[in-house]
Structures are given as C-alpha cells and as structure tokens.
Amino acid sequence: MATIPEVPASALLPTMPRIGMGTAAFPFTSSEETTAALLRAIELGYRHFDTARLYATEGCVGEAVAEAARRGLVASRADVFVTSKLWCSDLHAGRVVPAARETLRNLGMDYVDLLLVHWPATVAPGSYDFPFPKEEMAPSFDMEGVWRGMEECHRLGLARAIGVSNFSDKKLEQLLSFAVVRPAANQVEMNPMWQQRKLREVCRREGVQLCGYSPLGAKGTPWGSAAVMDSGVLHDIAQTKGKTLAQICLRWMYEQGDVLLVKTYNENRMKENLDIFDWELTEEERDKISKLPQQRGLTGMQFVCDNGPYKCVEDLWDGA
C-alpha cells in the first residue's frame, strides 16, 4: 500500500493528502461500481476523496469510507480526508447551511474536512442539473452572503475547513478582503498546459492551498481538452524518463506544491498515479514544461449569459 505525502496542518486546513481521488464522471451518476472502485482506492493507499452534490457521488464516498472502517482498512472515518462542494443552486445566503447538512446526510458523516463553493455563480434553487437552463442564472453572485454561510458551517463544525473552487485571482482577492474565516483552498483546473501562474502567485502569498483538477486535461469530457495528452513535449519527456505522460504531469504538479486530484477507477492507473514520489524532473525538463503554450480547457461557457453576472468568458475569469 502506498503512503501519500501530506500538506501539513495549518490554522486554516487539517492535514491534507497531496493526492486525492476525484469522483466526477459525466453524466453525473452514482453506482455500486463507483463505491467498489473507491473502496479499492482505499486499499491501495488513497486517503483523500473529492466529491460534490452535483456529482451524485457523496453517497458512494460515504459508503466506501464506512465499509473501509468496517473491514479495518482504516481505523475510522477520521483517517480519510473528504472534500465536497455546494452547487450553485444552493449558493443563496440562506441555503448554505441547510445544503451543507444535506451533504453530510448524503455522506453519512458528521463533518467534511473541506467544504467548497463550487463556482462563483448562483442559479435557481432546487435544481442539480448540469448543464442548467441559462434562464436560471441569477443576475449577481452574493459572494459575501454566501461566504458568511460558509463561515457558519465552519463555526458549527459541519466543515473543518472551507474554501472555493473555480475562483480567479481577482475573485479570490475580493473574498479575502472581507473573509473572517479565510478560504483554506482554491480548487481549479491545473495541468502543464494551464499552469495558473498568476493565481498560484496569489495563493502562495495569501497561504491558500492550490488544488488542481483535470491534471491530464480531462480529455473526452465536456469540460476537458486533448491538449495535454496530445503534447509532443510531454510525450518526449515521458519516453526519455521511462514514465507515462500521466506520471510526468502529476509529478510536475507535485513539485509545484499543489494538491493533485486524479480521476480513474482503473486499478492499474490508480497504482500508476501513486508512483510519482521517488523520482524528480530535471531542470531541463521543468524548463521545457514551463515554456508550453498555455490553453484553458474549461472555459466556463455555461455560466456566460446575458441575464447573469458574466457576459463573456473574460468576465468569469477576470481576463486571466
């Protein structure tokens, strides 16, 4: 069983394993196969699972962790780090705490280790569809009202830490300007073809842990791109090192200090994704990766509409 390095505990964040298992598979659904794959991941050494109300996998994560405890694979639920996210239909000031409680009911847990605002956007309450009808977009996002609800979740012990997802550097700085409980993490698209340099600067300066999803570009998903998997530079580095392209990407992210969120239910790839800790990229290889042309995979076009706060992609990402 692999031992995964951890981000040390801080005033904002409990100890957090540096590799987490993602559970977003489109179309979003839950199944016994998902639960079984997560249980196998625990057997292999994974101790960090990323879910969300939207993904319909909170129940699968909860069942896998409970079964792992019953089998003695972990001593208790406390041995597993669980992240979940509140969907946009619950990002109304008065709905945040009830939505967090519903997430805990789905998980069968008393708390999550990290609770995130899924997107800086609000849609009509009660819907967990994606894509959602654009007419359901609210004209504005009450960032402060929503964050006060997140802070209440923290105060009540529903979440040991709170944070955000898909926040640009400017939106993160706006949040930091009024937050009483500071965001512990920002989860965003991250890979060698979208390195998030400006956001990384802000996160390092402010002590916000950067967590990266789509480390391989999420090729084949509605939010993904083939740019990473088709990169000749990354293929050449992988061949020279005797590693897979996936391992090169994950090792690069690990060396940046990020938390990596991987998504596979294939056992061989689960093992492969953990085999990144006992070797390093060379300076030359890092330099080649640093010069890769940058291309955002996830544009967020779903959130762009005339009746919402974001009239164009640049509005959503603040030009970053």
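The first residue you see is number 1, and the count goes up from there.
Backbone N, Cα and C define each Cβ position, glycine as well.
All annotation found in TrEMBL is predicted automatically rather than curated by experts.
The following features are taken from TrEMBL:
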type: ACT_SITE; residues: Tyr55; note: active site, proton donor
type: BINDING; residues: His118; note: substrate binding site
type: DOMAIN; residues: 18-291; note: domain 'NADP-dependent oxidoreductase'
type: SITE; residues: Lys85; note: site 'Lowers pKa of active site Tyr'
C-alpha spacing of Lys85 (site 'Lowers pKa of active site Tyr') relative to the residue listed as 'active site, proton donor', in angstrom: 9
Length of the line joining the Cα atoms of Lys85 (site 'Lowers pKa of active site Tyr') and the residue listed as 'substrate binding site', in Å: 5
For the domain 'NADP-dependent oxidoreductase' (18-291), mean pLDDT (0 to 100): 95
Residue with minimal Cβ packing [other Cβ atoms within 10 Å] among the recorded positions Tyr55, Lys85, His118: His118
